[in-house]
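Novice: I am attaching a structure below and will ask some questions about it afterwards.
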Amino acid sequence: MMASAPHGGPRAPRIDGERLWRRHLELARHGALSAGGVDRPAFSAIDAQARRQLVDWGRAIGLVPSMDAIGNLFLRRTGRRPELPAVATGSHLDTQPTGGKFDGAYGVLAGLEALASLHEAGLQTERDLLLVVWANEEGSHFAPTTMGSAVFSGQLPLAEALAAQAPDGGRLEDALPAFLAAHPEVPRQDTAPPLHAFLEAHIEQGPVLEAAGLPLGIVTGIQGLRWLEVDVRGQEAHAGTTPGSVRRDALRQAVQMARALFAHFDALGDSVRFTLGRWRVEPGSPNTVPGRVRFTIDLRHPREAALADGEEAIRQLCETHAGPCTVAVERLSGSAPIVFPEGIRDLLDQCADLWAFPRMALVSGATHDAKLLHGVTTTGMLFVPCEKGISHNQLENATPEHLAAGTQVLAEALLRLADA
Ligand code: HGY
Ligand code: MN
Ligand code: MN
């Protein structure tokens with residue numbers, strides 16, 4: 001059952017945009033980089049520090065923290081009828097290695113600010129409100145991306161997540177206990193709380209809203225995603241004594257595969273997104289012919305069929321260019337495209353109307369925890385612009401006004417959902 005179509009004026013209290021902006025700067029200190037970005041790896045001590053800061057801010061407005069077995073952090077605001085499924089909002093606090101201040105953090109701080117404004121206005125809702133920090137959304141160290149929300153929604157078994165291995169060989173099952181223990185004041189709560197709805201606010205991480213000159217986007221859906229790894233094996237050899245004609249050079253063949261893959265996907269135009277993000281060359285010595293090369297593929301498209309065709313083309317082209325080496329292509333993870341329910345998009349649109357913010361509908365090019373929550377509850381997303389659409393980059397930037405606009409609409413929608 002969705003919240004009733006908003007009638008009358010806005011009901012949410014005015015949020016404090018200055019406090020919201022200030023908290024982004026304070027949170028960005030945890031993992032601050034010299035060029036203004038943030039490196040806050042999932043499950044690291046820095047990630048735990050940022051979370052402890054959030055728990056302190058939450059406690060100050062009466063939020064009660066808990067954490068589940070994969071490290072998803074929940075801050076609960078009790079409503080008049082705690083027996084009803086809660087309304088949740090949030091995002092993630094882990095970042096890319098050269099991340100920015102806003103990817104993920106905005107959705108968490110916008111949710112905190114919405115709950116703080118209700119607290120200060122003395123407004124209690126029917127349903128509990130839950131602020132959530134999903135663990136390891138980026139997946140850049142321990143794959144897959146959106147790991148915490150995938151475990152919460154039952155789409156990734158906990159045991160499989162714990163078996164995740166980082167490029168340096170470290171296993172999550174060895175790193176997680178210290179991370180969980182770094183939140184001594186947060187009790188464990190392993191049963192997933194039932195949710196009535198989940199809303200996520202996020203920077204767009206693309207150029208559309210800024211180009212349109214709009215402060216807000218109502219997200220219609222999220223494109224599909226597949227992560228693969230290509231593993232090319234040849235034979236290590238002496239760089240000085242081994243003639244090219246007898247080499248089984250894994251890097252030479254991997255480069256030819258990459259060239260063919262770029263040519264293939266370039267020809268498909270801008271609707272497909274194809275990225276070779278991480279290369280591992282072994283043994284990585286200047287005077288030894290590489291015997292093994294592994295490289296990752298991040299493939300995205302709004303249509304599942306195009307993803308399937310893309311994966312098939314990847315497999316064929318890698319085989320074609322294997323030369324004297326062998327090649328294996330492994331699918332690491334993936335998620336199908338989703339469309340958010342009309343009802344929640346309409347509610348967000350109407351709440352934006354109540355606060356007189358112009359907006360547009362758009363698809364998300366980036367993936368988000370809301371995609372995984374889509375499988376277990378009614379989900380929706382709000383976007384605000386970021387400067388030049390730059391993200392996963394230290395230059396990521398947004399304006400206090402846009403962050404406040406998205407937060408105000410989020411607060412209005414949460415209030416209406418929690419009273420439905
Ligand atoms: O990869 C993504 O789309 C997200 O930003 N982690
Ligand atoms: Mn994100
Ligand atoms: Mn990201």
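Each residue, glycine too, has its Cβ placed from N, Cα and C.
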Novice: Among Glu126, Glu138, Glu342, which residue does TrEMBL annotate as binding Zn(2+) 2 together with Asp103, His392?
Specialist: Glu138
Novice: For the binding-site residues Asp103, Glu138, His392, which residues place their CB under 6 A from an atom of ligand 2?
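Specialist: Cβ < 6 Å from ligand 2, in sequence order: Asp103.
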Novice: Give the residue counts of the domain 'Peptidase M20 dimerisation' (221-323) per reduced DSSP state, in the order helix, strand, coil.
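Specialist: Here the numbers are 37 helix, 33 strand, 33 coil.
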Novice: Starting from each candidate's C-beta and looking 10 angstroms out, tell me which of the binding-site residues His202, His392 has the most other C-beta atoms.
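Specialist: The largest 10 Å Cβ neighbour count belongs to His202.
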Novice: Near Asp103 (Zn(2+) 1 binding site), which residues of its own chain have a C-beta under 8 A away, given they sit six or more steps off in sequence?
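Specialist: In sequence order, the residues whose Cβ lies under 8 Å from that of Asp103 (Zn(2+) 1 binding site) (at least 6 apart) are Thr95, Gln96, His202, Ile203, Gln205, Ser391, His392, Glu396.
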